[in-house]
Structure formats: C-alpha cells, structure tokens
2 protein chains.
Amino acid sequence: MGKVLVFGHKNPDTDSITSAISYAYLKKQIGMDAEAVRLGSISGETAFALGQFGFEAPRLIEKAADEAQQVILVDHNEKQQSVDDLDDVQVIEVVDHHRIANFQTADPLYYRAEPVGCTATILKKLYKEHDVEIPKEIAGLMLSAIISDSLLFKSPTFTEEDRKAAEELAVIAEVDAESYGLDMLKAGADLSGKSLEELVTLDAKEFTIGDAKIEIAQVNAIEVNDVLERQVELEVLLNSIIEEKDLQLFLFVVTDILNNDSTVIALGQAADRACAAFNVGLTDNRGVFKGVVSRKKQIVPILTEALK
Amino acid sequence: MGKVLVFGHKNPDTDSITSAISYAYLKKQIGMDAEAVRLGSISGETAFALGQFGFEAPRLIEKAADEAQQVILVDHNEKQQSVDDLDDVQVIEVVDHHRIANFQTADPLYYRAEPVGCTATILKKLYKEHDVEIPKEIAGLMLSAIISDSLLFKSPTFTEEDRKAAEELAVIAEVDAESYGLDMLKAGADLSGKSLEELVTLDAKEFTIGDAKIEIAQVNAIEVNDVLERQVELEVLLNSIIEEKDLQLFLFVVTDILNNDSTVIALGQAADRACAAFNVGLTDNRGVFKGVVSRKKQIVPILTEALK
C-alpha cells in the first residue's frame, strides 16, 4: 500500500484542516503511510490555531491521483466539495459529521459519521478505540476545531458529546478553552485586511431548493460595522454574482461572535420572502437575525421550508 | 421519539435478519424503542440459526412509514435493496459492511461501515463501545451471521477482525463453531424442496452500474448439479425477470460450499462481457468461476469495472 492522502473539503475551515492533521497522525501511529494535505487557503482563524500549537499548514494539492491511489476524506463526503479528481482515486475511509450525499464507492470502506458538531469529536473517539495517546499539540488542534465549529460552544449544532470531548481536550492541551477560543475566533474575525471578493467567497455555499438556486456566505466579525460600512460596494458585487449564477437569493450573513446575532444583507427576488420566514423585515436590504449563528441548523432548514 | 424500525435488506440473508435482531436488542438496552423487522422471507439457513438459539423470525413489513418515522438500516444502504417507501422515513443510523451507493440523507446521521466480512462483527464492537453485555442467544445469532457471510470462515471477505469476533462469540454462545456452522450451512444448502422462483429470489440483489441495471442471485449448494439440472426452466424464469426489470445482466451464482467454486448462469446483453472480465467464456450460458465465493468482494467490484 502506497501513500494515503488525508484531506477535508474545499474552502477549508479549521475542522477540515486540523482533522486532516489529527487523523493522519493517528493513522501513522497505527502503521499507515498517511499525509495530511489541504484543498484551499487557510483562514486567519486556522492559521492562528496552527501557530498556537506549532504546526505548519498542510501542503496544498489540486489533484490527488498523480501522487496517491488511495485517499481518506475528513469533514466532508459530497463529491463537489472534494478534490477535483476524486473519481480517479479510491476512497478508503471517511470520517465526517455531515449528511451523506453525492457519495458512492465501488468497494466496501470504513465510513464513520456521527451527528455531532465537529469531526474532531469523532476523531477523539477513534484515538481511544485504537488506544493511541493524543499528543498535547494534536489535542490543541482538535479543541480548536470544536471551538470553531461551535462558535465557542454556542451553536445549536454543539452536542453533549462535543462538550465532553472539548473539556478533555482542553486538559490535554493545557489551555483555557474560553480565553484561547475567543482569541482564535477574533483572529478569524479580523476582516480588516480582506477584499470584498474574499469576504463574499471565504465561506460561501450554494444550495438548490426546489427549482431555486441560492447562495449563503457567512463571515464572523467582532465589529460588524466594519463590514456594513462597505454595503454599497458589497451589493454591487453580490448583484453581479446573482446575475452570473442566476440566483434567486444571495444571503450575506455577518455573525457577531460576541453577542451571537447575525446581520444579513439579502438580495435577489426571493430576499423579502426569505427574511419574512425569520420574521425579519428588510430595511435597505438589511436585517438582523437575533440569536442565529448556524447556517446549517438555523438558516438552511428555514429557507428550505420557505422557498420550496 | 416514537418507535424505530431496524431492518436488513430485501431477500434477507442470515446477517440481515440476525443483525436486525442483535442491533435492536442493543438499542433497546440503551433506551431506544427499537423493533427488528424484515423485508422478505427467511431462508432455511436463517431458520436453522433462529431455531437453534430460540428466536422467532422478526415481523415481515412491506412499508415503514405507516408505523414509524425513523428507521435504522443494517447490512445494506442502497435504496433499491431497502424498504420501498424509504424516502418517506428518516434514516437515523446505518451499520453496514458494503460499498456505499444510491444513499442520500437530508440530515447528519450515525453511519458506521467497516470493510469487514459481516455486520455482526461491527455490532460486536458496538456492544463493547456501549458497554452492554452480549446475551448468549444473541452471541449465537451473531456467530451464525459470521459463519454465513464467510461460508464457514473461507470467503476472502473474512478478515482478522471477523475471526476474533467469531472466536469470542462462540465462547459466549457455548457452541463449537465448525460443527455448528457446517450444520447451519447444510440447512441452507438443501435446495431439494425449493421452487425455481425461490432459488432465484432467495438471495438476489440488484445493482446499478453506470446506466446499467443488473441483478446477481447466489445460492449455496452441496450438490451443484441438483440446480444445474434445472437450467432450461431456470433460463425461462431469468429471461422473464430480465425483460420485466429491463436488466442488462442476470448472474445466477451457484456456490459449492465444499470446494468453494461457483458455477454461474449468465443471461442478458452484458452476459459475455461480464464473464469475460473473469476470463471465463460461457458455454451454453454457463461458466465456472474458480475459487469465487463472495459476491461482494469477488464479483461486484470486477463487474463495476467491466460495465461502467
């Protein structure tokens, strides 16, 4: 068996990057020639976590098949979120916490998905099942992933299993989860150096609901007004994307990581109907979703119902 | 949460029936209102195993949604192998040892697949992970499943993990695996009382490869000629199924459980191409696959490659 590449999804978040590193480490301990790689740029938040625990960013790849026959997917399974030449390699394992869709194999594989808030929470179990000790630095990365996916333990995706894992990992990593976590989120929420294009694409996902195509981009911020000040230019950019992709809705979500509200800019013909589903009226294309932080759990299901 | 139905695939084999019983038992121990049910008739082999350890066959269902909102799939994931109204219920868990295909969910779920020879081997781990003791009778069922799927430990699908599980289960069940196993396989290989329809549907699975629909039925036999004597009538029946379901291939596999070769009858427009992939030419629509006993490991992957 040759080298096995381990990677998370495109537009990688902290869970995708750190889970690739954490799982590749575990697989190496149990005898596999595994290497963590990544499919996209590192965010400021992820860079902060890597730096804090002494890791370099994994190597960037665009294709897998020219250097490996087998791969392991972490934090995703849908083909369109994975490496472009996924069909040319064998997926031998998946460790994930998302729904399963657009995923198919020719052979049996190891597939481990659990409905928890973060891939790292599942990886922590796998270390235990294989009786491999989690090094302090890896524990720090895994904790960072849970903090990131749960917005410091506040997202409704955050489960009791995530909480237990985070507590144990904080002890191993010897950090105070709350203060370290806030510093890490702040590093990701520093949007000052970001271009408008970066803001709009950093964490954007397209969804199809019935016949409607919509896109939802989300950024975390400490100073929401830093983003909203640029609303006029932002709208020009969002409208051009709407036209180009023929979207019914572009929802640009700025989440305040301190008070856990989200300010949205909603454009497209379904904008008013979409926001009405949250009992929010738009003023100047803008509204506030109180207590909403999770695209997956608090936004997509309501839009799916409202627009179908 | 209401009742959760737990079931294996259509045309259930011993693993599908006993894994539904064994997993429903585990889930009940940890607080879920789970009921094992089945999607088809019990084979002679399975009846032998159930009788040996004092179980009744689970209740037969044709639809799930009229009595439950949530289901757990064991020993399968492909939609066409599952209950007809699968789209009308929520799949909350899958425990399986097959490839993943034609499977999709709207929400995150618990999905546990491992590339081992039998679902029961994975279930044995889950008992341990949940710290639930395996009752003697359940251990007997789980051992039966491993014996069945591995053709008494001889199939190439049989892994070291299966071997360890089988050894431990035999101790708990207080049976001699070899002698009990041979008796059980013989009970299933007695084809004398079977109608042609039974032979063809007993353990038949449909697969979609690219645009092609194929079906592979497998029976275990001690006297392969007892089946082959009926080839003329068999072909009439197989051709009618091919026409009815618009199949590209029907592969009828008769596996000799004593010498571990399989004689196949291959019909449909892809028959020659399919058998050529095994370096077997067909004479009178018939050929011998030497040393082939596993549909999953030795037949499906090669056909997937040859017909895609």
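Glycine is no exception: its Cβ is also placed from the backbone N, Cα and C atoms.
TrEMBL annotations: computationally assigned, not manually curated.
Record check: TrEMBL places B:Asp15, B:His97, B:Asp149 at the Mn(2+) 2 site, and the matching candidate among B:Asp66, B:Asp75, B:Asp176 is B:Asp75. Remark: secondary structure over the domain 'DHHA2' (B:181-307) totals 54 helix, 35 strand, 38 coil, with classes taken from DSSP. In terms of Cα spacing, the binding-site residues B:His9, B:Asp13, B:Asp75 that come within 10 Å of B:His97 (Mn(2+) 2 binding site) are B:Asp75. With respect to their backbone Cα atoms, B:Asp75 (Mn(2+) 1 binding site) and B:Asp15 (Mn(2+) 2 binding site) stand 7 Å from each other. Across the domain 'DHHA2' (B:181-307), the model assigns an average pLDDT of 93. A distance below 8 A between C-beta atoms marks B:His97 as the binding-site residues from B:Asp13, B:Asp15, B:Asp75, B:His97 lying next to chain A. Listed binding-site residues: B:His9, B:His97; maximum Cβ neighbour count within 10 Å falls on B:His97.
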